[in-house]
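Worksheet: one structure, shown below.
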Amino acid sequence: MANSQSFSRPTDLPSWSALTAHAQQLKTRHIKDLFAEDDDRFNKFSIELPRILFDYSKNLITDETKAALLALAKESDIEAWRGKMFGGEHINATEDRAVMHVALRDKSSNPIMIDGLDARPAIDAELERMQKLSEKVRSGEWKGYTGKTITDVVSIGIGGSNLGPLMVTEALKVYGSKALKMHYVSNVDGVQIAEVLEGLNPETVLFVISSKTFTTQETMTNAKTAEQWFMAAAKDKSAIAKHFVAVSTNRKLVTAFGIGEENIFDMWDWVGGRFSLWSAIGLPIALAIGFDGFTDLLKGAYEMDLHFQQAPLEENAPVMMALVGIWNRNFLGYPAQALLPYDQCLHRFPAYMQQAEMESNGKHVNWAGEPISYGSVPLVWGEVGINGQHAFYQMLHQGTDIIPADFIGSVSPNTPVEGHHDALMANFFAQTQALMQGIDANQVRKELAAKGVSAERIEEIVLHKVHKGNRPTNTLLLPQVDAKTLGALIALYEHKIFVQGIIWRIHSFDQWGVELGKVLASAIQPELSADAKINPAHDASTRHLIAFYKNARK
Ligand code: F6P
């Protein structure tokens, strides 16, 4: 893949031209008419998996669209690239690494060859260590420096070393231990760690410092603060061994920080940060819901991996989800993608997926480094659906931009409360219907007239009440948010991201775009001390802002 000029650009593919022409025709159609014309539409445009019903029929697509999108997948060599990823090839070419988060959840007994070595023994060994630690802490066998049982876990990490464990432990809270409270610190803004530490007892806290590189400034600053807070009480350095564990690829830096070898959990450079919750980065998950729960999460993801590898493209949920996303983004020109869980458990899912999607596919050059002329990842954003209905859905229904949305709901809630779930799900079903069907002026007139509104008043307001509809959505219906289902759901999106990156011919597994800001921040930080000089080479805006800040802090 690296620097190769030999690959085909998507815009040169016959399917790309066909889709471009087809989109011009289809833009004049309405999804509700496509439903009226085809009784079999739901069956044609949905995929039922054991844990996820994926309905993409409320998109502006026809049989012809599907065929052309599948041709795009074929012409983009999706199957071959999928084989390269699962085969451990260095498809992360700019970092010269394999992309093998899938190895962490491979529940077969086959060897997993990465860089000429079978990675399975190392993966299994780390899993066993995770199991031991989580069982000891959860059972109360692991004691703090004064002999007390651990009651609180503070996970310190950011980005992929935070969002996954946080999202999953929130989602699976009902399966968690009531005796062990989970806390997460990611922000370098001291207010977060101060709030978390307030009220905690150093004798009963376990800190998990998670950082693939162990150089991330936010995490290191928080880890130091945690250590100082702890040492102020414990005094004796040897107590650290009972209260600090770390997950990292960088044993040297972890040891230098003061955490003993026995408390370091390994991960590997072939696990990308935003795909790392399956590794020991998932330790907070195992602590929260138990090792069996963590294993179920892996199993659910593995089921999706097998589906992704084995199902024909037209019945392959990640592939179809990716293709519909490409259709909406590149051929219909929609700029964003909303993620709307109708399940309170999934309230951190949009934030988690934002990193997965936008850090992976927010790229502007192709594999050869050439600027791309087509859109890559759309803006991914979202919020728990029912809250969104009373906030930003106005824009989804009547705004000037069309924003495709994924609606994710569950048949059974994790916490059933009489009278609530059907109320929630009625909205879930109604919203995708409303976004698709809309309501035209005649219907609005009829409804207002039936309510006794005067003809004059009707004409004054009718156009404001029109919804054009034709707004595409996917629906993902889950049986329940349990560990296996959640594992499958996350893996579904991971593979969708992979497929889209391949079609766009961009490098999905690096993240150079976050580096520049980090470099500039470390140059600016010393300038913020009272007597330091502000670099005259900064632009006038940055110079004045820093000067204003420093003056105000005097
Ligand atoms: O700055 C972005 C990033 O590198 C992410 O890709 C990563 O998930 C996060 O920072 C945290 O990195 P680390 O685990 O090395 O602390």
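In case you wondered, yes, glycine gets a Cβ from its N, Cα and C as well.
According to TrEMBL:
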ACT_SITE  Glu359  active site, proton donor
ACT_SITE  His390  active site
ACT_SITE  Lys518  active site
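Shown on the structure are the features that TrEMBL records.
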{"residue": "Glu359", "record": "active site, proton donor", "contacts (Cβ under 8 Å, 6+ apart)": "Gly159, Arg274, Gln511, Gly513, Val514"}
{"residue": "His390", "record": "active site", "contacts (Cβ under 8 Å, 6+ apart)": "none"}
{"residue": "Lys518", "record": "active site", "contacts (Cβ under 8 Å, 6+ apart)": "Gln217"}
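In the three-state DSSP scheme, His390 (active site) is classed as coil. DSSP classifies the residue listed as 'active site, proton donor' as helix under the three-state reduction.
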